[in-house]
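J.: Got these off TrEMBL a minute ago, pasting:
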- 120-131: compositional bias 'Basic and acidic residues' (COMPBIAS)
- 1-379: domain 'LRRC8 pannexin-like TM region' (DOMAIN)
- 675-754: domain 'Disease resistance R13L4/SHOC-2-like LRR' (DOMAIN)
- 109-131: region 'Disordered' (REGION)
- 27-47: transmembrane segment (TRANSMEM)
- 159-179: transmembrane segment (TRANSMEM)
- 361-383: transmembrane segment (TRANSMEM)
Amino acid sequence: MFTLAEVASLSDIQPTYRILKPWWDVFMDYLAVVMLMVAIFAGTMQLTKDQVVCLPVLPSTVNSRVQPDTAGKADFTTVETTTDQEEASMRTVSFAPTVTPNILLSRATSSQYQPTESDQELKKEQKDSSGRKTNLDFQQYVFINQMCYHLALPWYSKYFPYLVLIHTIILIVSSNFWFKYPKTCSKIEHFVSILGKCFESPWTTKALSETACEDSEENKQRLTGAQSLPKYVSTSSDEGSPSASTPMITKSGFKFSADKPMIEIPSVTILDKKDGEQAKALFEKVRKFRAHVEDSDLIYKLYVGQTVIKTVKFIFILCYTANFVNTISFEHICYPKVEHLIGYTEFECTHNMAYMLKKLLISYISLICVYGFICLYTLFWLFRIPLKEYSFEKVREESSFSDIPDVKNDFAFLLHMVDQYDQLYSKRFGVFLSEVSENKLRGISLNHEWTYEKLRQHVSRNAQDKQELHLFMLSGVPDAVFDLTDLDVLKLELIPEAKITAKISQMTNLQELHLYHCPAKVEQTAFSFLRDHLRCLHVKFTDVAEIPAWVYLLKTLRELYLIGNLNSENNKMIGLESLRELRHLKILHVKSNLTKIPPNITDVAPHLTKLVIHNDGTKLVVLNSLKKMTNVAELELQNCELERIPHAIFSLSNLQELDLKSNSIRTIEEIISFQHLKRLTCLKLWHNKIVSIPSSITHIKNLESLYLSNNKLETLPAAVFSLQKLRCLDVSYNSIAVIPVEIGLLQNLQHFHITGNKVDILPKQLFKCVKLRTLSLGQNCITSIPDKVSQLLQLTYLELKGNCLDRLPATLGQCQLLRKSGLVVEDHLFDTLPSEVKEVLNQDTGIPFANGI
């Protein structure tokens, strides 16, 4: 059963898209409803009253009238081939009516031969007007009626309602297919939504009202009364302006003094902040929608296609239906091959629904003809004018927005369809295609649009739980921004006219500033505040010259992120502004296309503790400047096309973490030199081309984390397992086939990742690493998990998905911290566990899940 809510939602579909349904589509929808009613009515009548009534044709009666001499033998010689037939013939004789003496006497006086039993039946038939008895019981009549219903009745008489129903459903689906097709429905939905908002937007009314007020000669006469008119009032007609604006102009009135006539237009060019925000959003939506829709004509092709399908369907229905009109008749002859059951070979049948079905069929053909003519008219309209082009020429003539551009493809087709509903929609929609109209809207004060309350709504919490405000593509920085005194992070993106005023000194919590393609200008007082309070600065640029000069003078800056083009030519330009003043800079992050480390970085080298260089694949050649960075504890050189570990790194005695991700390193024989880096605890050589690990890795005694994933390793040398302080080992996505038994020596190992290799057997020594919390064994060839996995009492994450397992050990339930959320395995394998183990794994103990490192 359908709920009331579901039925209500279905009724909302039609009003939503009514502006895109011209009169012919609406008319065809009504015709489809009528055809659907015909199908339902015919089907109901057929299900409730449709039946065939059959009577046998009696050969004895016919023969008795033609050949009286043989009439007496008719009932005995009808069928003589089988015993059943003989019994039927005998039954005919036995159930014959009794002949009276009067009838026999009459027969004797009028004929030359002796009266027979057949003559007696003939006399009885002539005397009795009810006809001859067939001696068939009720069940035999029901049986023969059912047989003849399927044999004698034409198929079209039986399936006509269902065919009408199917054809009507196909036509209905074809009519609304473009509203439901995934490639078009989203565009149509957005268009209808935007069009409705543009039509109802106060800015549309005010803009057209202002145009009418400026251009209407009639208004000029109302203002002056009789004498002279101001020169700036136009004489153009206001015929194209919407009627809704006329009362607004009339009610507002015009005031002028006796000395100097002047026009006062209250609330024509001034919008409240909510209306202004909506209008600006509509301009942006219309611009994006136009760019999205104007590049294709799929909606037009789909509409043409569904119209052609409906036309072809109409021709097909008309051709085959017309041939079956005459097949629907009241009388039918039936020859069922059941003579051995009934005793008769031929039956005359009547179909009680024939008259009704014939009338319904004629009505259906009439409806289909009307439907088809409308389809032909639609095709004529589709190909008569170029629907993939739409001109706002009339709107440009009737208003001051002469810059409204013409549109094409699907955008133009949708506007043509809207014009069939009401041309006023496209006129008001054209306001949001005009740059003149948009510039008028931009004239509204930026601070009036971006109030404190609105900016407060845009403040969010970032990953570091700091209050953050991101302003994107504004004409400037609103003054209300500087009233957000509790703001921690301010992001300014694509604001070419950004200006930071002295009011920023109110933002005492501001410590992080992002300038994305935003060469902001700073007042002197504002600079003094930023110099003393700003701790983190992100600058994204296309050319290094876009970096504001005041950035290099922020003495208290601790973190600097530079993202942009710093190729070899621009490296010289960066020398115009030195980083020497950034004495407190600790973290420098450069994402660029460097070929060498810029010389100015060495100005702050002694103070840096973290240096990150992310190249875009450009080879970093010169690295000698690294030797000066004696205090660097973290160094990342990612995607720099390094083929070997740079020797300059071995001079960084305070280095604790080295990340050489996404390079082209094939060999790491230089790793022996890391023995001089006593503080090195984390080495990341992932996403390279390393084929082997040298035994000299044993010299890095303090190494706690080793990342070698996404390389080309085939074996793990025993030297790796001599690193007793190793807590994390990641060798995922290599070609390792065997886990050495020496892994049991790593008693401090907490995280072991070997996903995506060729391991088939897990050594028992692995489970001696009782401190393991994370164990990733997915996408290997492992066939079984030893029961000793229960020794890993601190295990919180176990990945086994993608192996050749057929069951899981029941001892998993003894891993006290392991829960189902931390067990990554196929569902069917999880079902192999005993029910008590499943209950243990499904328990929620509130223990924090830790699979990270």
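Using N, Cα and C of the backbone, Cβ positions are placed for all residues, glycine too.
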J.: What else in the chain is close to the transmembrane segment (361-383), if you only count residues 6 or more beyond its ends and a Cβ gap under 8 Å?
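T.: Tertiary neighbours of the transmembrane segment (361-383) are 24, 27-28, 31-32, 34-35, 38, 160, 164, 171, 303-304, 307-308, 310-311, 314-315, 317-318, 321-322, 324-325, 328.
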J.: In terms of Cβ proximity under 8 Å, which residues at least six beyond the ends of the transmembrane segment (27-47) contact it?
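T.: Tertiary neighbours of the transmembrane segment (27-47) are 21, 158, 160-162, 164-165, 167-169, 171-172, 175, 310, 353, 356-357, 360, 363-364, 367-368, 370-371, 374-375.
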J.: If you run through the domain 'Disease resistance R13L4/SHOC-2-like LRR' (675-754) with DSSP, how many residues end up as helix, strand and coil?
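T.: Breakdown, helix to coil: 17 helix, 12 strand, 51 coil.
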J.: Averaged over the whole of the domain 'Disease resistance R13L4/SHOC-2-like LRR' (675-754), what is the pLDDT?
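T.: Mean pLDDT, the domain 'Disease resistance R13L4/SHOC-2-like LRR' (675-754): 93.
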